[in-house]
């Protein structure tokens with residue numbers, strides 16, 4: 001019985017009951033994670049090592065880098081991906097425990113409502129992530145960062161720091177914003193597909 005639950009949960013996560021949901025899973029699981037895992041590491045992997053300030057001292061570089069990056073972009077985007085997966089995973093776990101096939105979800109009003117709620121939660125989480133990303137990282141990475149290092153040593157006061165590969169980071173940052181927007185659009189389209197299919201089921205009865 002437990003193996004059947006796992007099978008239903010696995011199939012639910014990989015094959016949602018909507019066509020757009022399946023495309024979203026492909027887009028989310030393949031393109032977005034590949035982009036973050038491979039290219040994200042290439043762009044941001046050694047950022048802390050190449051981040052340098054004037055004067056170029058290790059403690060000053062570390063202090064200013066922590067000021068420049070309160071949270072590293074890779075960690076933020078990984079948390080975003082995991083968080084956005086949670087509503088869908090909870091729903092599919094619930095459906096698996098009830099032994100409900102994916103084909104039956106949209107035929108039952110209660111499951112349809114719960115599924116729409118999970119999609120709406122995904123939209124809300126993506127919008128929150130978009131807002132947080134804009135406040136943490138902005139929309140452009142500048143080549144110079146002005147660091148207030150007076151707390152570290154009064155002699156430093158305000159110092160300039162060089163941000164490595166700032167243009168590449170700006171491109172990557174823009175791509176992550178675009179991925180978030182595409183995901184929200186897919187979620188909205190999925191809700192419309194669910195409503196249209198529900199109307200089709202009601203008309204056939």
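Here the Cβ of each residue, glycine as well, is placed from N, Cα and C on the backbone.
Per TrEMBL, the features are as follows:
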type     : residues : note
TRANSMEM : 25-44    : transmembrane segment
TRANSMEM : 75-97    : transmembrane segment
TRANSMEM : 109-132  : transmembrane segment
DOMAIN   : 125-194  : domain 'Connexin cysteine-rich'
TRANSMEM : 171-192  : transmembrane segment
Distant-in-sequence neighbours of the transmembrane segment (109-132), which means Cβ under 8 A and at least six residues beyond its ends: 17, 21, 76, 80, 83-84, 86-88, 90-91, 94-95, 100, 177, 180-181, 183-184, 187-188, 190-191, 194, 198
Spatial neighbours of the transmembrane segment (25-44) far in sequence, C-beta under 8 Å, 6+ residues away: 13-16, 72-74, 77-78, 81, 84-85, 165, 168-169, 172, 175-176, 179, 182-183, 186
Helix, strand and coil totals (DSSP H, G, I; E, B; other) for the domain 'Connexin cysteine-rich' (125-194): 42 helix, 10 strand, 18 coil
